[in-house]
């Protein structure tokens with residue numbers, strides 16, 4: 001077969017064509033309306049965000065057709081036929097081509113993976129991005145049904161047994177893929193005398209977030225914004241988790257709350273209800289665009305049915321009764337969207353619903369998560385984050401649970417104490433606990449994911465395509481049994497006084513679950529060894545224990561198969577009589593029931609199957625008839641086995657709540673073991689003492705993340721002493737790179753780890769309970785929002801001021817540096833003064849390079865303390881400026897020099913430039929300090945009363 005010519009040559013040929021409408025560029029351009037399908041959303045809206053690589057392909061087709069040549073040319077295997085310029089009329093379509101067109105019209109937003117025999121093929125315009133992404137051969141042909149350059153559609157293909165491997169690559173690149181499977185076999189067609197094309201149907205549709213087979217646990221969020229109210233619902237299809245939230249009625253607060261919501265959950269898909277309020281809200285649009293990694297789509301709500309029409313009455317009533325109108329609108333939108341993926345049954349388990357923000361947990365705004373690098377560092381990875389430091393979980397459900405614990409620290413003193421006591425208990429040896437930990441480790445080594453397996457069972461049991469294998473189900477039940485058996489065996493040991501109350505309650509609940517025979521009853525119905533058979537069909541046929549739990553349909557087909565096999569053996573006796581030779585059946589190339597004879601000596605009515613130079617293999621007429629009947633009943637047997645398995649899954653799903661309780665407890669124990677590992681594997685960790693007062697007092701504390709990244713012996717420990725009674729506001733100065741930011745982050749992480757329930761990296765600690773940590777750190781603009789560095793800084797300060805409580809921990813880093821020196825000093829002074837005198841009295845750490853702010857300690861000696869990060873100046877004979885050695889120790893007092901020249905030297909700036917800068921700095925230093933002190937003195941003199949101070953603050957806040 002000729003491979004055709006390179007696409008570049010095809011484009012050159014097309015330029016010589018008399019009719020530009022028939023050129024390759026024209027055909028690709030004509031195809032452009034269909035190419036919006038390669039995102040899971042339409043690209044008619046400017047606000048839609050799609051995968052950059054996919055968007056490039058779409059745009060190249062849509063706007064600059066010739067550029068697609070360079071896009072496809074990247075794959076050396078991609079070719080286009082040499083008759084690209086042909087103007088011949090289209091021939092009559094093949095039935096398969098027409099089937100593709102019909103399916104494409106029904107699913108225009110999907111790339112179709114169509115099963116044809118033992119391959120999955122991508123036809124027409126779908127083949128263009130698929131061949132490029134997978135780097136596979138592109139077979140030339142028509143791209144759309146309007147084309148007439150070839151007899152058939154272009155295509156590329158992948159083996160059916162590797163479909164899901166390739167699917168992951170396509171989904172990662174932003175495609176939405178519909179899998180079209182052959183839903184009837186050749187054997188059944190022949191037995192039932194079916195004619196015509198094989199029946200094919202869309203059996204699954206996937207996007208990155210809805211691909212739960214090998215998914216990464218992505219979230220899908222739906223947001224409804226009605227102008228006066230806003231709400232969101234987020235689902236995690238691979239676990240069944242549903243997270244709901246209603247936001248403030250005032251727009252600024254609602255946007256801030258939505259930003260925090262999205263920062264915590266980091267959805268890969270965001271669906272926005274498309275209404276007038278949404279269209280008119282530019283701030284909402286800009287906020288959503290700032291989440292660049294998420295696919296954003298706008299869906300009209302008037303096309304969605306009410307929730308009462310989408311769910312069973314009792315479940316719909318639960319949502320309507322317990323949730324707001326905006327929340328139920330989001331649920332209806334998500335049910336409609338997920339129905340295409342056969343995942344809409346996620347909402348039939350109301351026990352999986354949870355509120356995002358409750359008064360039981362510390363509030364961590366999005367800026368705090370980002371600044372403190374809780375889950376993601378500045379490079380976008382996990383290493384070097386607080387979660388990375390704490391995560392020693394063994395199981396996947398334990399890891400997800402720990403993420404919740406870290407994102408939602410406790411604020412109830414008793415609950416925190418329970419976790420701390422549990423960790424202390426786990427650090428003391430107990431044989432029963434040791435055995436239980438071994439089981440959890442084994443579950444982790446097996447890479448089992450109980451939550452994912454259970455939700456896959458739920459989807460399949462409620463009408464979705466089969467998403468779970470028999471082996472996965474049996475392994476899940478066996479692991480459940482290992483937990484239950486261990487708890488039952490050691491139930492008296494788990495009541496030991498050395499085990500904390502929290503652990504005792506967990507093991508007590510497990511013992512209660514172990515007392516029911518659910519797991520053993522389910523396992524008694526199957527043959528465990530069957531799932532380890534190599535052939536999938538053997539697994540299916542031998543899965544059930546038919547002696548103890550008979551299935552009439554399966555038994556009927558097995559009897560029919562047995563009779564046919566006996567008939568075939570009886571026929572063999574007759575064959576031996578006919579040919580008068582001691583022959584036996586043989587199997588060659590998966591073709592059974594063959595009779596091999598030398599040469600071509602078989603009877604003429606025998607069907608010749610295969611031959612070699614010396615042997616011919618036959619299937620006699622009656623054997624052929626019996627074999628076809630056997631194949632038919634074998635197919636029917638598999639159908640019966642699949643139906644019985646579906647019933648079995650429904651029985652498991654009927655105990656969903658029971659298994660969810662079991663999974664939750666095991667995940668929580670895994671989390672406690674993880675915190676124990678953090679607390680005990682590091683030297684110098686101690687159990688904090690909880691205080692009812694707002695305070696953090698820690699002896700020789702360290703930044704846990706930095707210490708973990710470096711050698712413990714190299715880390716410099718510091719005391720922390722900040723409290724409501726004294727030193728409520730710390731003003732911290734010091735040289736650049738001297739450790740100021742690391743220190744204030746350390747304070748925040750100490751507070752967080754305490755309320756997560758973990759031991760702390762210090763010799764001893766007394767810590768109060770905070771309801772929120774508010775952080776303003778870093779210098780960056782926000783181009784998408786049209787905000788300068790200073791605007792971002794002021795906006796974040798404004799949010800902090802509005803969010804303050806009397807239990808807040810506030811961290812502000814170099815406020816005022818985004819503007820001129822005079823304005824910067826004035827704003828920094830006014831904001832810190834506001835926090836000092838604010839009746840809500842938050843604990844505050846304020847980093848600054850304005851040494852003139854030191855006067856605030858003089859005016860508020862009880863509340864304010866000046867500190868700096870220690871250093872040493874080292875004079876050098878060959879340079880005018882001193883070198884600086886950082887000591888990283890926190891000391892009392894103020895530093896008037898930031899030692900920026902030392903940073904310039906470390907960065908490799910030439911010495912002659914630094915020398916000149918030093919001379920200029922020395923000349924300016926005194927003038928600036930005099931000016932700052934004069935300005936500060938004037939401000940202090942003008943503050944004759946608290947009223948005048950509030951006027952100043954009001955001016956600053958209004959400016960913000």
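Positions of Cβ are set from backbone N, Cα and C atoms, glycine also.
Listed features, source Swiss-Prot:
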- 1-35: region 'Disordered' (REGION)
- 18-28: compositional bias 'Basic and acidic residues' (COMPBIAS)
- 53-93: region 'Disordered' (REGION)
- 56-65: compositional bias 'Basic and acidic residues' (COMPBIAS)
- 87-209: region 'Mispair-binding domain' (REGION)
- 734, 735, 736, 737, 738, 739, 740, 741: ATP binding site (BINDING)
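DSSP assignment over the region 'Mispair-binding domain' (87-209) gives 42 helix, 33 strand, 48 coil.
Residue 741 (ATP binding site) carries a helical DSSP state (H, G or I).
In three-state terms derived from DSSP, residue 736 (ATP binding site) belongs to neither a helical nor a strand segment and is classed as coil. For the region 'Mispair-binding domain' (87-209), the mean pLDDT of the prediction comes to 86. Close to the recorded ATP site, the chain also has 869, 886: residues not among 734, 735, 736, 737, 738, 739, 740, 741 whose Cβ is within 8 Å of the site's Cβ mean position.
Within the same chain, the residues at least 6 positions away from residue 741 (ATP binding site) whose Cβ sits under 8 Å from its Cβ are 777, 813, 847, listed in sequence order.
The local packing around residue 739 (ATP binding site), expressed as other Cβ atoms within 10 Å of its Cβ over all shown chains, amounts to 23.
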